């Protein structure tokens, strides 16, 4: 008899039990639990007392009417909660309820004013400023609708008035909306306008001269070339570096061009004679970037020796050596306002420097990968940094984090931004992403073909820059070319709509 009993695993038995339970209750699955009147009444009593007890005695406007009364629905449904409360003043010294009132056992008890007294006082008071402002605003909106032919809304909804007059007795947390991303500004798409060839190696750096007539490029072929911006023709080649030229800058204050390279050299070129007139010696390894201070004759360079150096342009003196980074300092930017120097490093940090003291003001450690580029907004007191993890926007002067711009999943070598709020990021894989600065919306992605004869792997953006008119974008690339982009004049917002949805904002905190 025992052999006839079929053996089942525990798993099978449990599954059968679950199935039976499911079948038993499946018919009642969607039904809500019946409301218990007594428990619901207790719940509402407690909620009224805890959340609204302090304001239940205050007058509010009833919706749809212009008279002052207690909150009717609450009072009628749960009238036993609305009692005349007495507050006994306790402490080291009791105090009377008003001037000239003697302290007795009776006057120690402070009673709430009667309902009739509240009504008479509320009716005698003039309308509040808030209510007048609401009425004035609503009337002006109504006028606009009236002139536009729409239905005028001369009076605000009574619920808004009751909320203001009642001191905000409603639960404001119920009316709070989740933050949504604002609609980005429309920007016309950019298209390839010109390809300039001439360098025999990777083009590593770009600078545009202040008059917007020509621009300079530095290359791995150890030359610096000056090009006509309008025609794209070569004007001049400068030789002198013995290794890759990693940075170039044109002074706005004097006819000088500055360059730095992997040969540890920092040179100052006189463009009237096209000769080197100064060397700035001090870096112990390759110099990766340089920038000129906009208002004083100071040059800042950064190097693989993990330092940034501040130079007096005229005397060639090393004013400061900015130490603190623990790896290659890849990028440096200067500005007239504090902090006057910003550096990004392969140690994944950004440092904001005090130029006068030569010390760090703040260190930003949010990036997880090497920071290869930093760009300052031309109009706002903000900046952006680019790394392989993402692009981050920051607020000066303390480097407060604003937002992440995620989606350019590559090693970002360069950033540029113009006054219209177009941020450009160029990456090691040859892709260019265009972003709306304010919202962080990625409105265009470009991957231009490499120069004929080049390998697809030679597709990389090392530097990019807007010209001074901000109508041209110049990129320095790994296929030995310089590419010039311009806005598509024929594009309209209808032909290239913003593919944007007002999704709930989900920004990382760091």
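Glycine is treated like the rest: Cβ placed from N, Cα and C.
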Of 86-134, 135-183, 184-232, the range TrEMBL tags as region 'Disordered' is 135-183
Secondary structure split (DSSP) over the repeat 'WD' (196-237) reads 0 helix, 24 strand, 18 coil
Counting only residues at least 6 beyond its ends, the same-chain positions whose CB falls under 8 A of a CB in the repeat 'WD' (322-363) are 288-295, 298, 300-304, 306-310, 369-376, 381, 383, 385, 387, 394, 396-399
